[in-house]
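For 10-17, 23-24, Arg62, 89-92, Lys100, 116-117, 185-186, the entry in Swiss-Prot reads substrate binding site, with the evidence type sequence analysis. Per Swiss-Prot, the feature active site, tele-phosphohistidine intermediate maps to His11. Summarising the annotation, Swiss-Prot assigns active site, proton donor/acceptor to Glu89 and lists sequence analysis as the type of evidence. If you look up Swiss-Prot, you'll see His184 marked as site 'Transition state stabilizer', on the strength of sequence analysis.
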Amino acid sequence: MAVTKLVLVRHGESQWNNENRFTGWYDVDLSEKGRSEAKAAGKLLKDEGFTFDFAYTSVLKRAIHTLWNILDELDQAWLPTEKTWKLNERHYGALQGLNKSETAEKYGDEQVKQWRRGFAITPPALEKSDERFPGHDPRYAKLTDAELPTTESLALTIERVIPYWNDVIKPRIASGERVIIAAHGNSLRALVKYLDDLGEDEILELNIPTGVPLVYEFDENFKPIKHYYLGNADEIAAKAAAVANQGKAK
């Protein structure tokens, strides 16, 4: 049976991950730890014999720079890459820039958990006059008004991620190309929910650690056979738990 593989990587720790702030579409860069995580991910992939034919990433530098570091470790800096806003992080609306723990102290752990991990719940929306609204950013100049979010739930994130998966990424993989996707916690949660057919309660508890390669294997009918992280299982579990704890009051 022919097995097709796909590699997903959440960007390495960003400067705002380090500061425990809601990031969303704000274009913050990797921290030093994040760059190290990305390089370690590339080394893991190299050690496991992975090479790629094509890469996808978002238009946010923390994902782009994660991909660059991975490809540098693989000696594949030349790899053809498509950047798309459809793989951006979920837009966190008016929460963008706020400290997660301080927000939890103000609104409660459960409310912040729902804002962070709930399926159909949107954080408070931005006003379009707010400088954080993506309509003011030239990289989104070609997006329609309907495509420019003032806030997003995971359900809304799925509405842009999954059509892009089905229309663009999946056909490339089905043609035999080896693909890596470097993206974000929630755009990858959207894809994982779809691939694994997870329920709303299941996706609420799913936390994807930064900078750890997640490998999916598919059968000839493009059904997932299994998925697994590369690396030390205990370290990966600890990183996922740390992600879950970011939204709790101190």
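Yeah, the Cβs are placed from backbone N, Cα and C, and that goes for glycine too.
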In whole Å, how far is His184 (site 'Transition state stabilizer') from Glu13 (substrate binding site) when you measure between their Cα atoms?
11
In terms of DSSP three-state secondary structure, what is the assignment for Gly185 (substrate binding site)?
helix
Spatial neighbours of Gly24 (substrate binding site) among the recorded positions His11, Glu89, His184 [C-alpha, 10 Å]:
Glu89, His184
Enter the number of other CB atoms within 10 angstroms of the CB of Glu13 (substrate binding site).
24
Among the recorded positions Arg90, His184, Gly185, which ones place their C-alpha within 10 angstroms of the C-alpha of the residue listed as 'active site, tele-phosphohistidine intermediate'?
His184, Gly185
Identify, in sequence order, the residues in the chain of Arg10 (substrate binding site) that are 6 or more apart from it along the sequence and have a CB within less than 8 Å of its CB; answer 'none' if there are none.
Ala183, His184, Gly185, Leu188, Ile208, Pro209, Thr210, Gly211, Val212, Leu214
Among the recorded positions His11, Arg90, Lys100, His184, whose Cβ has the fewest other Cβ atoms within 10 Å?
Lys100
Residues satisfying Cβ distance under 8 Å from Glu89 (active site, proton donor/acceptor), sequence separation of at least 6:
Thr23, Gly24, Trp25, Ser58, Leu60, Ala183, His184, Gly185, Asn186, Ser187
Identify which of the binding-site residues Gly24, Gly185 has its Cβ surrounded by the largest number of other Cβ atoms within 10 Å, counting every protein chain shown.
Gly24
Restricting to the same chain and to sequence separations of six or more, state which residues have a Cβ under 8 Å from that of Trp16 (substrate binding site).
Phe22, Thr23, Tyr26, Val28, Gly97
State the three-class DSSP label for Arg10 (substrate binding site), counting H, G and I as helix, E and B as strand, and everything else as coil.
strand
